[in-house]
Each structure stands twice: as C-alpha cells, then as structure tokens.
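J.: Right, I'll just put the structure down here and ask away after.
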Amino acid sequence: MTIYGVALLAISFLLGQWMGSLLGDWLGIQANVGGVGFAMIFLMLGKEWLVQKKQMTSEMTGGIAFWSKMYIPVVIAMAASLNVKSAVSSGSLALVAGIIPVLASFLAFPWIMKKFNPKHHG
Amino acid sequence: MDNLIGLIEKNGLIFGFLCVGIIFLIGELLSKTIFRSKIPGSAIAIFLGLLLGYLGGLWSDGEKGIAGISLFAGIGLLGGSMFRDFTIVATALGANLELIRKAGWLGLISLLVGIVLFFIIGVLLAFAWGFRDAASLCTIGAGACTYIVGPITGAAVGASSEVIALSIAIGVVKTIAVTIFTPIAAKRIGLKSPESAMAFGGMMGTSSGVAAGLAATDPSLVPYGAVTATFYTGVGCLLCPSLFYLILNFVF
C-alpha cells in the first residue's frame, strides 16, 4: 500500500520536527535545532527496520519516492515566493553582506575538505 | 472568466502544481535551446522562480513574492516550509546512513567554521558601513548566517527594527546567492561526493539555498547537504545572541 510509505514519511517527519523543537527548547532558543536532520535519520532507520522484516514493499517505497521527486518543484515554488524584491532593494549592505561571505566560503571550502575529510586521514 | 478565477483561488495548491510544471517546462526548453544543455533545466527553472518572486513582489507590493498575488497564493503554500521540509526528508530515502555517520564530524566542523566565518565577515562589513554598537553589529552578523538567525538574535539583543529588517534582507540575499552560485562553483570547489555535500551543507547553512543549489548541481547530493544544513540555524540562534554577542560587547 502506497499510503503506508507516505505514513512512514509523515511519522518520521513529525517525530524529527518534535525532537528538533524539544532540543531548541532545552537549549533555551526559539528555534528548531536539526528537526529535518532527525526526521531523515528516523526515516532511514524506519526503512531499514522494515526492509529487515521484509515488510517494505515497492509500493511503499513509491509513496516516499514520489515526495522526494517533488523536491525540486517545491524549491521552485519556494524561490517564487521569497521576498526577492526587498532583498534586492534593501541597499548596498544587504547585497554585500549577503554575497561576500558566500564567496569567501566557496574559497575556504576546498581547504576544509582537504584538512578535515576523514578520507585523507585513512 | 470570474468563474475560473474563483475556482483557481479556491484550489490554489492544485493551480500551484500546474504553475510549477509550466515553469519547469520553460526551464527545460531554455536549457535545451539556448544553453545547449550546459546549464540544467532545474537550475534555470529555479532562477525563473526567483525572477517571478521579484516581479510578483513588485506587482503586489508585498513580502511573499508571486504568492502575494491572490491568484498565485497556492505557490506560496507549495513552496512553504511544510512542503519544503517534507520533501527534503523524503530525499533521505536514497541516502546512506553509514556514510552520514562516517562524515558526521566533518559536518560538525564545517558547521562551526561556517557560522563563525559568516558571522565575522557580516560584522566586519557592518562595521565598514558605519555601525558601531554591539547589538546592531551582532544582528547584522547573525543575518549573514540565515534570515532566521538574524531576527531571533536581533530580538534577543534589543536591536532596532530597521537593523532587524536589514538582517532578514541579508539572509534572503544569502539564500539567493547560494542558490545561484552553487551550480556554477560546484566543479571548481570539488563538490561532488556525499561527504563534500555534507560539509557544504554545514558550511553554507541556509536550508533553502543549499537544497536549491544542490538540486541544480546533482539531486543525489541533496539529502547529504540537507542533513547538516538543518542544524545551522539552530546552532546559529544558540551562538549569536550569547557567546558572539558577549565577545562583541567586550570589544565595543
């Protein structure tokens, strides 16, 4: 059943977001800390468990795969509903402080990879 | 005609699916004809989305891009945080848990490096633009992290509402910059493996920007970037108004 896959995704999502907001509360900040990351880990563990029990049918996988393929369309919709106008027209500091650190990170990124990637340390 | 408009407004999300489908189609066509498939259709479609967001903002004089026009409100629902996070979580279906565990500490390091780097450069630029009080500097530095860290920090340290609005704008510019520059820079900075995507997500942080940028680069990298990027805003909200603010207060 396709809906079982969607339901597995839904419960992973809700548990992960809940954990993220609990962690945020515990740290005393009004933000969700890692909710999406926890949800992804729950989904992977749940899928693994069902695969081992031989309960993960291809229909269930399809129910999750559909939503993962909707990901880019959702990003397009998100881009179209960002406040692009005020971002572009908020003055020079908004543009400079939004762009310069991104470029600096691109420059620093290969260095971080070289320095800290576990592959280079064996 | 009024009938049709009423119908669309009542079924906004469905109309949103249709609109995004059309945008995607235009993106693919432009990719094939003008750019000879050198730039992926999805990247062009995301850029078209940003363009529509700009035009929609001009037209409706609002803050929600094209979703500010009532006819297109469904695009805002489709592109809101609920669907964004739900579909990002679904991408974990193709991810390898073992790889994520192995690259975990690389992700953690890049997370800390990213937040510190964005914050410091943000503060320096704010200083160069004439800000001298710790609260404003801290809020602008936080805005350089993400558009959520900025206002949360601003509210916590008591920055003025103009500075808070500016910090949101900086964060949105960052999201757009990451979206546009990631596919362009990907090859040159060696962004091609799951490990590098995890480090990239941690360093850049903006969930939307990382997700959109990686989607346009290589969709199979999206879950790895998203799994670390999701911690960025939280850790930023933790560090900026506390430790970083104390340091700035000490200096100024």
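We count from 1, first residue shown onward.
Each residue, glycine too, has its Cβ placed from N, Cα and C.
All TrEMBL annotations are machine predictions without curation.
TrEMBL lists these features:
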DOMAIN    B:7-252  domain 'Malonate/sodium symporter MadM subunit N-terminal'
TRANSMEM  B:12-30  transmembrane segment
TRANSMEM  B:42-59  transmembrane segment
TRANSMEM  B:65-83  transmembrane segment
TRANSMEM  B:104-129  transmembrane segment
TRANSMEM  B:163-185  transmembrane segment
TRANSMEM  B:197-217  transmembrane segment
TRANSMEM  B:229-251  transmembrane segment
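Locate each feature and note its surroundings.
T.: With a cut-off of 8 Å between Cβ atoms, the residues of this chain six or more beyond the transmembrane segment (B:65-83) that come close are 5, 8-9, 11-17, 19-20, 52-57, 59.
Tertiary proximity for the transmembrane segment (B:197-217) is limited to same-chain residues at least six positions away from its ends with a CB under 8 Å from its CB atoms, namely 40, 42-43, 46, 84, 88, 100, 103, 106-111, 113-115, 117-118, 145-147, 171, 174-183, 186, 191, 224-233, 236.
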J.: Please give the average pLDDT for the domain 'Malonate/sodium symporter MadM subunit N-terminal' (B:7-252) in this predicted model.
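T.: Value for the domain 'Malonate/sodium symporter MadM subunit N-terminal' (B:7-252), mean pLDDT as a whole number: 90.
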